[in-house]
Amino acid sequence: MVSLSLLIAIIVVTGLLAGFRHYGSSRCRTVPFKIKSRSIEKTASTRLLGMSLEDAMKRYPLFNFYPGQSIREILSSWERVTYGNGETIAAPGFILQGLVEIWYREHLVCVKEKGSFLNGSMELLGYSTRGTKKARGSVEVLLIDASLVRDNIWYILFSMLRKSCIEIACRYFELESKLVEKETMKIKDDGQGHLDLFLSFLNEKLLLNLDDGKEILRRDIEARLIGRGETIKDSEESMDYIMYVVSGEILVLAGESAFVFGKGSVFGYFSLFFDLYSSIKIQAREDSSVLLCSSSVLLKFGLDEKKFDHSMLLDIDESLHIIDESAEWMRLLPGDMIAQKGDASKEIFYIGAGSVKSASRESSSGTVIGGKECIFGESWNESSIATRITDVVRIPSLLVDYFLERDKSFFKKYTKRLFESGNKANGKIVSIIPVGQYKDIESFSRKLKSAIGASSLLLSRRDVVEILARRAFDTTEEVRFMDYLTKMSRRYEIILIYVENEYSRLLRYLLNFSDVLLAVGTTFADIPEYNVYCRIEFVKIYEERRASDERSVKKSKKINHGPRYLESRKESFGQYDRVHHVLFPSKTMLFCSKDFQRLARSLLGKRIGLVLGGGGARGLAHIGVIQALEEEGIPIDCVGGTSMGAFIGALYAKECNNYHVFKQAKRFSRKMSNIWILLLDLTYPICSMFSGHAFNRSLHSIFGDGLIQDLWLEYFCITTNIVSYEEEVHRNGMVWRYVRASMGLCGYLPPICDNKKLLVDGGYLNNVPADVMMGMQVEKIITVDVGTVLENDHFDYGDTLSGFTILFNKFFGNKKFVTMEEIQYRLAYISTERKMKELEANGNIIMLRPDLGKYRTMDFKKFDEIVACGYQSTKNAIAKWKQEGTYDVLFFSLKKQTPKRRYSV
């Protein structure tokens, strides 16, 4: 017996020691997690239809009213009731199995299925329901104690009322006029001053219990004089204040309704709790005086959601109760699938906050998904998933049908709002972390914030912790944090959040709310692995401006026997969707903000793309175009091109220095106009006139073995694949080889062999590839077309033509004959002309066509003339834009952000 006890004691002690060792080792060693970007084509984690209880607990914040309970505890301690077909369900609950119909009078407004709540927020607040819930077949329901909900998660319950009832009613069912009418209040003048009257009203109505704080609040109330016709608040602006009319009359326009508030009126009570007046317009009907008090001021004096008078909602409109009982608020996790391609459309999804992505579009807060499919009874034409934590409200199609039947004009109003919602811009949330040995993430973040300007908000780890009240992983606080970010995103275009530790638990938390993760470092390094659906971009820091050569291929003695095939995107960028090169801090420049401004434009979606067309020596005009753009302060964020445009574009992308472009292009032109170099490269013309060796050496001497993905600017070039008869877009690989392939004019140079492909001049299929640039998230595209041949006054030589005739005419005649290179470029332009006509209709594409009619394809010896022609043509075009007023329209977003500069830096 003693030996048995001793044995048990030894086992227990050994286990404890092992546990301590494990605990100690885990404390001393940080276990990294990897951040891995997931594409929407992959299977999403959870679908919304028919969710299990386990999945629903993670996605319905309402389940947090008894935190810490497991599924087994919930199923064992909560009451489960089975209802037969047609039975009425009176209590609130969650559907474990079956279908439940919700009827309003004689109308079926909703059918809820497994994985849904039966009740709306008003029922949980203790008010009687207006609809009737009936079981369709056998239904199993998990009943909910409403008093327990009210006691434990009041904020979540209030959020449910706001998100799935009030906000939907105002934005898509046009009930804001009912709310405006209901909240109209008047203060009776009892002889006190207007300010004292307003303070007394706020104290009593909002239950503030000011006492000693009344004098402090008095100083925070704003008095404003408003002239007749002056706008106080425009539509699409948020309203978060309550207003007292001291004198005059205030006109409130809500949809098709108009309300007039006279002396003593108070308006804006609902706006203190809900963001529902964004669509109304407020202006002075006559000269007026008003007092304003914002919600941010009242929060300091104890205003919170528990002090909202819910009874004000009871008599507004019966539609509000129907919406509350039918619509459902859910909080999706990154990767959750809203709809799968081919599914029948039964619901409309309103995105309250967050982001949802499909193959063709990305939808953010304030937009609707599935509206068209629901109205016209179509199936989903593509799958959609949440890319971060996203608030969605499920609106059943039966509810829409009810409103269509009730109001014949509803279809027109609803569809108008449905399609208008997709145009609303919302702030982007960007998390910033250091990787590798880089530590100065705070300075980087502040510099980026400065480049973006007043339209950005910068938050540190400490700021986030304060917002969360040190309860970062509580569901209620997560909902509060989401609401805070949503409110800020309506005020700011970018919210920057930086975290000093890449292995921080807070980072895991923030990634679920982020649209973009910026990894900042001096060298390419793997970042921690963790599955996320947001964009992951890398910012590589330099101390001097130079073309990156970190991943360049080692030089080969024989240029034509180097690496042959294109690197895959995975090998080139690894985990990153985009790579930015940033000079910070600069060893050679005191103030260097050009790269930060470029990064800022990328995050804001305001990038400027430059597309350079092919045209042989005429392409030298691109140098003058770039110089003119730089002098006018028009930035270039990414470059693409074909043939000669690919060459000039690569030169500029390499160092962002137009002097470097000028110098290297002139050196190249000298070689191309040197008859001896050309003669030495002649070969037996079975495949081509020249072997291409001299041409290759010229390009290699300029670009070396650098890679496209290491160029300072994002770059691409176009080639024609004569094996598959398709155009190829090259975004990575060796620069000189793909520039050479893009310049490979058939008959002159042999095709480039690339992984069983034969690549020739890209101009045959796409001479000005603006369509490719359109897919690179740019706001404006400047295209330069130098290949257009405007002159057609060639001599009619008949059916045959001798080359000796052309040669003789060159010295002793003045007739104009068509040449081989001109024929090549005219052929190339046949397929391009159709694309150019389509692009001209796009308002975001700016077309430049320098007058180069007198210059031929091989006129490299006229380098200075052609460059000057491109420069002057661009300066004239910009002067014309300014005279016509189109310059401000085209580049308005760059005015305050990008300073005018004289030199490339």
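Using the three backbone atoms N, Cα and C, a Cβ is placed for every residue, glycine included.
Look at Swiss-Prot and you will find ASP761 tagged as active site, proton acceptor.
GLU230 (nucleoside 3',5'-cyclic phosphate 1 binding site) counts 12 other C-beta atoms within 10 Å of its own C-beta, drawing on all protein chains shown. Under DSSP, GLU230 (nucleoside 3',5'-cyclic phosphate 1 binding site) is assigned to coil, being neither helix nor strand in the three-state scheme. Swiss-Prot lists 198-319 with the feature nucleoside 3',5'-cyclic phosphate 1 binding site.
Looking just at the domain 'PNPLA' (610-774), the mean pLDDT is 90. As annotated by Swiss-Prot, domain 'PNPLA' applies to 610-774, with the evidence given as sequence analysis.
Residues or ranges marked as motif 'GXGXXG' by Swiss-Prot: 614-619. Packing against the motif 'GXGXXG' (614-619) from elsewhere in the chain are residues 641-648, 669, 672, 742-743, 745, 761-763, 767, 786-787, 821, 825, 828, 852, 855-860, 862-863, 866: each is 6 or more residues past its ends and has a CB under 8 Å from a CB in it.
DSSP places the residues of the motif 'GXSXG' (641-645) in helix, strand and coil in these numbers: 2 helix, 2 strand, 1 coil. Swiss-Prot lists 641-645 with the feature motif 'GXSXG'.
The topological domain 'Cytoplasmic' annotation in Swiss-Prot covers 22-905.
Within the same chain, residues at least six positions away from GLY262 (nucleoside 3',5'-cyclic phosphate 1 binding site) with a Cβ under 8 Å of its Cβ are VAL245, GLY248, GLU249. Closest to ASP761 (active site, proton acceptor) by Cα-Cα distance, out of the binding-site residues PHE198, VAL246, SER294, HIS310, is SER294. With a 10 A radius on its CB, HIS310 (nucleoside 3',5'-cyclic phosphate 1 binding site) counts 13 other CB atoms from all the protein chains. Most other Cβ atoms within 10 A: among the recorded positions PHE198, VAL246, SER278, SER294, ASP761, that distinction falls to ASP761. The helix, strand and coil residue counts that DSSP assigns across the motif 'GXGXXG' (614-619) are 4 helix, 0 strand, 2 coil. Around LYS214 (nucleoside 3',5'-cyclic phosphate 1 binding site), taking its Cβ as the centre, 15 other Cβ atoms fall within 10 Å, counting all chains.
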